[in-house]
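Presented below is the structure to which this report refers.
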Amino acid sequence: MDQVQGNPALVNIFIALQITGTLGFFLILLTAFLSPQVFRHPTWFSFCLSWIVWGVSFSLLFFAGQQTHVTSQSLCIAQSALVYAVPVLTGLTSVALVVYLLLNVLSALLSRTAAKPHFVMFLLVCIPWLLGGAAFMSFLLYAIKHPSDVQLNHNGTYCGIVNSYLPKITAVTSTCLAVTIVILEILIGIILYRHKSYIHGFPQSVSLATQLALFTTVALSAAGIGLVFVATRTRGAVFDIMMSAVLLAASVIFGSQRDILLTWMFWRPRSSALWPTQRTGWSSGELSSIESTGTVGRPQ
């Protein structure tokens, strides 16, 4: 099979970023599952899990001990299908999460009692995984049928499919999803700005705005990476490292939410004054989940 052709140091950086970001999201998920003070909607869990799948997919050769010398064609085929499917999956779960945030913002500002249909919430969780699974199966079937097109990329970072238009489809799809995220986040930002008098005085709203801006930057970066992928035939290892940095940046943004940080600060007293609660408006999710109680300071 294939041996690493790229710079081993850059390959190590690529893997280190992937594993660090993956462990970050795993720790975030574990915290949300175990801490009674952290409340999250299933779309948030779906989002975090999809990024863990991303990290594992791109690190598959490393976990199998074949990063420097690929001996298993089956492993390479599996990874090639995964690495082209997970950008679609994470893009869709990101869109679903931002749509949920938009619905929560509108619900909170328009009515305290407005309820989001459970069916809509179910679709926001399930559709990304169904479409992501379909993308994976499509790439897998192609890779199995054309094994000669599957090989370790010239950077030595992961196995991919060459001489095919399929990777371009993933890049275009991911770019469109990233642009959709940016548009939705700009819309949310406009709504929050127009109703800033309603949320004035809630310190969590500042965190919300900050995290929203940061995640928009990540989405713009993802869109830029997708455009580079579409416009170029080959890319250096630095491009792969930038792709890994998106995973790490997302884990840092979502791991820096106040209630999660307070959970990790086990030496701090568990005072109710320190914890954001369901009654304080932008409560237990900041970027990820504005509680549907709708208490955002709207005049009675």
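Cβ coordinates come from backbone N, Cα and C, glycine included.
Marked as region 'Disordered' by TrEMBL: 276-300.
Listed as Cβ neighbours of the transmembrane segment (12-32) (distance under 8 Å, sequence separation of 6 or more from its ends, same chain) are residues 38, 40, 44-45, 48-49, 51-52, 54-56, 58-59, 62, 67, 155, 157, 237, 240-241, 244-245, 247-248, 250-252, 254-255, 260, 263-264. Annotation source TrEMBL lists transmembrane segment at 12-32 (among others).
Note on the transmembrane segment (44-64): residues 14-15, 18-19, 21-22, 25-26, 28-29, 32, 70, 72, 75-76, 78-79, 82-83, 85-87, 89-90, 92-94, 96-97, 100, 124-125, 128-129, 132, 152, 157-159, 243-244, 247, 250-251, 254, 285, 288-289 of its chain, located 6 or more positions outside it, place their CB under 8 angstroms from a CB of the stretch. The feature transmembrane segment is assigned by TrEMBL to 44-64 (among others).
The transmembrane segment annotation in TrEMBL covers 84-107 (among others).
TrEMBL lists 119-144 (among others) with the feature transmembrane segment. Residues 41-43, 46, 50, 77-78, 80-82, 84-86, 88-89, 92-93, 95-96, 99-100, 103, 150, 161, 164, 166, 170 of the same chain lie 6 or more positions beyond the ends of the transmembrane segment (119-144) yet place their CB under 8 Å from a CB of it.
Annotation comment: TrEMBL describes 171-193 (among others) as transmembrane segment.
Annotation comment: TrEMBL describes 205-231 (among others) as transmembrane segment.
The transmembrane segment annotation in TrEMBL covers 237-255 (among others).
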